[in-house]
Every structure is written in structure tokens, then in C-alpha cells.
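**Student:** Encoded as C-alpha cells, here's the structure I'll be asking about.
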């Protein structure tokens, strides 16, 4: 990226909504129109979306500095952006331009606009598992589901936690003795959340019944057979090696990411790259660029 572009971005990012600091090239990429620039921060549920766009990659992870790096789609450059809300945080789900952020005080966060919705405190200080949400966090029927593994008194178990709109606390809905660490994805479909780990074992949480299914084996196939249940999702392949090259990262470096559900009619999903790391380590998240605005008084 040109030095002038880098300086322009860096100088203007301390004002809050760093989307205003993007130069002309980035604005063209985002499809910005006059209505975008004149939109009030108090607009209700306004969404400027970019249909048919591949996601961009956001590198973050420091517990000290708010500087992150954004790799634009199909570009051989990155932008340095300042996002204070990601300091010491971990993204555990990405969907429709919203990030589900885990900290002691979790929240939904849109990095393109700075919009955020604080969530009740999660019951555990450390999160090992997977999570997803049924719809945008501004929807009245939005449900957040998290499956995480705990190790108390030497006994490992997997807990399923649920958070509904207007709830002030998380509710533990069910447990299983099956280890479900190293989650690779969680998908919402027909009033249920299905979780799968890197060993191709899965469990499904049924919202209506408030319970987990028995663990099941997941098989990847393109042949549909009668009498077999299928999850209507397909994996979206991303060029992580190219991203590492753009960012100047070593090829052998593992950058933990969360899953990303891509908007559209083809049901694509980017699977999670599990990784054990401390709070201050490089992490990444794929996100589709959307500009969400919410009212200042928006509450969960």
C-alpha cells in the first residue's frame, strides 16, 4: 500500500468510526454512496451491505495496542486500522457483518461502523468451544448459542449455553460427557444449532426442547442419499496462505480464527481454525463488509 494512503488511514482513525478514514480506493471497494456518508449514527437498523462480495480478513489479537490489519478481498495489500474494542478480545463467531466478541463482558460488534451491543457476562472466564447466533442481534428473535468444554474437579464435560433477546443472564440448557474441543463450525438451521469439531463429531442443540442431541459422526459428501440427514451448508475455501504473504507472516504460523457464515443463497461457511493461545497473540476473523447502524439506546 502506498505510504500516503497508510498515513491518511492512520491519522484519521482516532475519531471513532474508522470507516470515514478509508481513502478513495477503499471507498470504491466498499461501494460507498452519498447516503452512506450522510447517514446519522442514530439511524434505526440501517444496513449498507455489499452483495456477492467475498469476505475480508481482519488480523487482531493484542491485549495492549488497538491496531489491527485489514486485508481487502482479492488485494495484495493491507490497511492498518485502529479498533479499541478488539483489545484483549476474541471473536467467536462472524455472521452478516456482525462479530460475536468474547471477553468477560461479551458483545456484538460491527467493526465497520463501531456499532456494538453489550451482552450479559458469560459464566466462564475462559472459552473453549464454538458459538453462533440465529439472526442479526437487532432481531427480536435472535438467539445466541455457545457450546464449551469445562474441566472442573478433573471431570471434563461439554456445556450448552443459551442467550435470548432481553435476557439478563446466560442459561445452561444441557451438558454432555462428550469432549467437543477444537470446534470447526456451528450452523443454525430450522430452529437448531449444529456444532462440529475437528474430529468430525457433532452435537445439535434444539432450541424448542432446550436439549442437546447425542453426539453423531459427520461425513463429508456430495452425494445425497435417501434417509440420511444433511446440513445444508458447504465449505467456502479461503486463501489463507495468500493472506499470510500479504501480512508478512510466516507460512508455518497458525492464526486461530472463528467460523464465518457468509450471507447469500448458497449457504457457505468458513470453518474455524482452532488454536491455543494466550490473550495477547495473533488472531484473525473473516468478515463480510457491512455497515450496521443502531440507535444509541440499543440494548440486548
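Any Cβ shown, glycine's included, is placed from N, Cα and C.
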**Student:** What range among 1-20, 21-40 does TrEMBL record as region 'Disordered'?
**Tutor:** 1-20
**Student:** Across the domain 'KIB1-4 beta-propeller' (76-208), what are the DSSP residue counts per state (helix, strand, coil)?
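**Tutor:** Going through the domain 'KIB1-4 beta-propeller' (76-208) residue by residue, I get 3 helix, 73 strand, 57 coil.
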**Student:** Per-residue pLDDT averaged over the domain 'KIB1-4 beta-propeller' (76-208) comes to what?
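**Tutor:** PLDDT averaged over the stretch: 88.
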